[in-house]
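Engineer: If you scroll down you'll find the structure; I have some questions about it.
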Amino acid sequence: MDPIMNDTGIFCTDNQTNNFTDQSCLNPTTPPYNPIDITTFMHIFPSIYGILCTVGVVANGLVIYAVAACKKKMVSDIYVLNLAIADMLFLLVMPFNIHQLVRDRQWVFGNFMCKAVVVVDVSTQFTTVGIVTVLCIDRYIAIVHPSSEKRTVHWTILINMLVWLGSFLLTIPVMMYAKVVRRQHLEVCIMDLEGPEDMYWYTLYQSILGFIIPLFIISTFYSLTLYHVFRSIRRVKRKQSVWAKRATKMVLMVIAVFLICWSPYHVIQVINLSNNAPTIAFVYAYNISICLSYSHSCINPLMLLIFAQNYRERLCRRNALHSSQHTSKVTVVKTDGTSTSNDPNYRITVI
């Protein structure tokens, strides 16, 4: 999904699979908008994507480092690590998209890289939504059934591996149809589907599996979790209720950011299925929704670094440890798993 490759992009009814930036999809005698306006508008996005890519790579790198540096990992750490890796991979292919935008959609990296970039782009989207979904289920189990024997680090690693495998299998249509084709004297990397009907079904395929079904699961389990938390607040110890509320609040933030960033894109995709004459406002909204969906991979790690205290503390401890080593000072850090609940390295994470 992006304005360049258009793996589920807005399509035209004249058997084209390009998005609105392809003027061949439009009636040359009665264009619905001024080409100069949309061209100027599209030139803004490379800079925005560049900022998102840079900030996101740094933020996700810090999250990955914070989790990897902790020897005693919690269940939630595994979810956070995999989410950060998926976001990182998503951002690492963004420079190819930026380059194609700057070159007015011209693809210069060959057919193999075209398939590889689109596969990584789409599969990491499925991975992200999959991890957010299972994270929500995990919160339900942790709060409603805290004694469950299945909630272990090894079990969580297996679940995340299955999410990655499932996401890769869901990109099989992308592997089949992503290719470099020649359009308007340019070579472009797109999903080269045969016609609007194929694009229609592929759009439904990605929206249903990548958003609607996960949204239903997330809403169901989070509602059950909230119901249990509020019902049990008066019956549990204050310390336990504070932890439960903090954990629930953090997961709510993760879910809210996901919905805010991805809902507009999928809503517009579905609306576009019956929209044969897009207006200029629709074109702008479509491209802004893509930019918003890309921002998720940048906002998510920033939110963890800002609001999740345990990850900030881990980074600070690692920084302090490196500083003490450079100054030949002795610093004692408990990471052997024998620490008490007061040890920050053993503190229960809040997501």
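Glycine too: its Cβ is placed from the backbone N, Cα and C atoms.
All TrEMBL annotations are machine predictions without curation.
Below are the features listed in TrEMBL for this protein:
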- 48-67: transmembrane segment (TRANSMEM)
- 59-304: domain 'G-protein coupled receptors family 1 profile' (DOMAIN)
- 79-96: transmembrane segment (TRANSMEM)
- 116-137: transmembrane segment (TRANSMEM)
- 157-178: transmembrane segment (TRANSMEM)
- 208-230: transmembrane segment (TRANSMEM)
- 251-271: transmembrane segment (TRANSMEM)
- 283-308: transmembrane segment (TRANSMEM)
Engineer: Please give the sequence-distant neighbours of the transmembrane segment (116-137): residues at least 6 beyond its ends with Cβ less than 8 Å from one of its Cβ atoms.
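Structural biologist: For the transmembrane segment (116-137), the sequence-distant neighbours (Cβ-Cβ under 8 Å, at least 6 residues beyond its ends) are 1-2, 5, 7, 76, 79, 82-83, 86-87, 89-90, 92-93, 96-97, 109, 159-160, 163-164, 166-168, 170-171, 174-175, 178, 189, 191, 206, 209-211, 214, 217-218, 221-222, 225, 251, 254-255, 258, 262, 296-297, 351.
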Engineer: Assess whether the transmembrane segment (79-96) lies in contact with the transmembrane segment (208-230), where contact requires at least three Cβ pairs under 8 Å among residues 6 or more apart in sequence.
Structural biologist: no
Engineer: Report the listed stretch (48-67, 157-178, 208-230, 283-308) having the maximum count of Cβ pairs within less than 8 Å of the transmembrane segment (251-271).
Structural biologist: 283-308
Engineer: Which residues, given as numbers and ranges, are at least 6 beyond the ends of the transmembrane segment (48-67) yet have a Cβ under 8 Å from it?
Structural biologist: 73, 77, 80-81, 84-85, 87-88, 91-92, 94-95, 97-98, 101, 291, 294-295, 297-298, 301-302, 304-305, 311, 314-315, 318
Engineer: What is the average pLDDT across the domain 'G-protein coupled receptors family 1 profile' (59-304)?
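Structural biologist: It averages 86.
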